[in-house]
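Structure, as structure tokens:
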Amino acid sequence: MMMGRLALLLLLAFASLQLFCFADDDNNDDDVVFYESFEESFEGRWIVSNKDDYKGLVGEPVVLGVDIDVVFGAAGLWKHSKSEGHEDYGLLVSEKARKYAIVKVLDEPVSLKDGTTVLQFETRLQSGIECGGAYIKFLRPQEAGWKPEEFDNESPYSIMFGPDKCGTTNKVHFIFKHKNPKNGEYVEHHLKYPPSVPSDKLTHVYTATLKRDKEVKIMIDGEEKKKANFLAAEDFDPPLIPAKTIPDPDDKKPEDWDDKEKIPDPNAVKPDDWDEDAPMEIEDEEAVKPEGWLDDEPEEIDDPEATKPEDWDDEEDGVWEPPKMYNPKCAIAPGCGEWKRPMKSNPAYKGKWSPPLIDNPNYKGVWKAREIPNPNYFELDKPDFEPIAAIGIEIWTMQEGILFDNILIAKNEKVAKSYRETKWKPKFEVEKERQQAEEEASGLDFLASIKRKVFNALYQIADIPFLSNYKPQILDHIRKAEKQPNLTMGVLVSTVAIILTIFLKLIFGGKNQQCPRIETKPVPVVAETSDDQGSDGEKVEKAEKNEAAAAARRRRRET
């Protein structure tokens, strides 16, 4: 009897201990290293860069209404603002075509070398996404004397993570910088085949989990989208572990090395009847001017309804000319203006003669430098990450309305999941319901839903690793369909045709596989989001200059 009671007590004690350990594992506050909800104003806690590219007026917050307070501290305006339709605050990128930089220094650096580290944050693209980045840089310890006010795109980071979409760029970046132990240089390693960015206006949560077994896992809205090994050459570009051997930079190709596989036939002679001067096209002498052709009517005429603006200044703006419009008389005629015979292919055209190619008898193959041991080669059992000392947001974006919220660094995946369930999911569900109600009210719910599913499916297909060589062209076609509704069906058909062609080529083989080109109307492309990962900012800069010139012109008129 006593033995039975003792066994029961031991069993109850063991069960209680298990429950205690489980609860402690789920709710251990020590697992939360850093958390920012932005429920309070960021002013005084986050530092806006005062570097030339970002600095502006600095001072107390300026209240703009009940729900928004503003700090003028950058070329772009950061706002502490509520998310649309919620009582939840976030950090808002409020203006387009601007540079933004803001940083939060941690109380203590966070080590990434041991155990699990979870980096998680929310973004909402309230104005949709055409050209903008919403990524975060997790900065490593800076050089002595560095100040948060000096934060810019050159400030070194350990990890850069988050969405970026502009032009053919559509990916959730995961980039880490790693120090080569042999030469001390930091190398930037990009995740290959990263997932695409959701294309709606809803709040999404991005999670990167770094695990002790050399693995990184990327999740969007709690769903795993990508898993990679830091030490695997096929997962990062360039690979973390350098090649063991490299081409000898001092090895030179011998002067007598002939690497031309084909050469012109030295015995070939140009035929006597070969006319190199014959034009490619000639006038069609048999063509006849269509009956009813309006010789005296121009194709374009001045718009008779256009009037000179009242504020037009001939001295500053030049002589005003009415805009042109298509001549309506030409619409009912076979043509207008001077008629000219059309051109046709010249049957006598042969072009410049060149001798046919034959196999080169002296061909030795493609020359390659001999391989030597790589002086920068090293081996690691796991990455030697630099710690995280600060969190920075530094972007150059053409997109306004980007809202950051609930930034989390944790040492437990369950903690990150709990924050997703309690902080993100309720907002997301409300936004989805509101979106569906708006679509139903507009009568476009079915078509919009189908279109959204098709686009999401195409983006997922573009993320397939073995389509990586063709991804830019696939994304370009998808982007055109999103931006030009009148071309959507044609572009979607073109995209599907491209993907099917690629599948067939990959299945049945073939050399020099190329993505088929299907012509569509050109779409203006804005420069990609500018950052220190090589995005092009020339068109953004041009847009800024044009905007500044227009503003100056308006001011001259007002004075």
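Using the three backbone atoms N, Cα and C, a Cβ is placed for every residue, glycine included.
Disulfide annotation in TrEMBL: C166 is bonded to C131, selected among C21, C131.
For C131 (disulfide bond), the Cβ neighbour count at a 10 Å cut-off comes to 21, with all displayed protein chains included.
Using DSSP to sort the residues of the compositional bias 'Basic and acidic residues' (247-264) gives these counts of helix, strand and coil: 0 helix, 4 strand, 14 coil.
According to DSSP, the secondary structure content of the region 'Disordered' (238-326) in residues is 4 helix, 16 strand, 69 coil.
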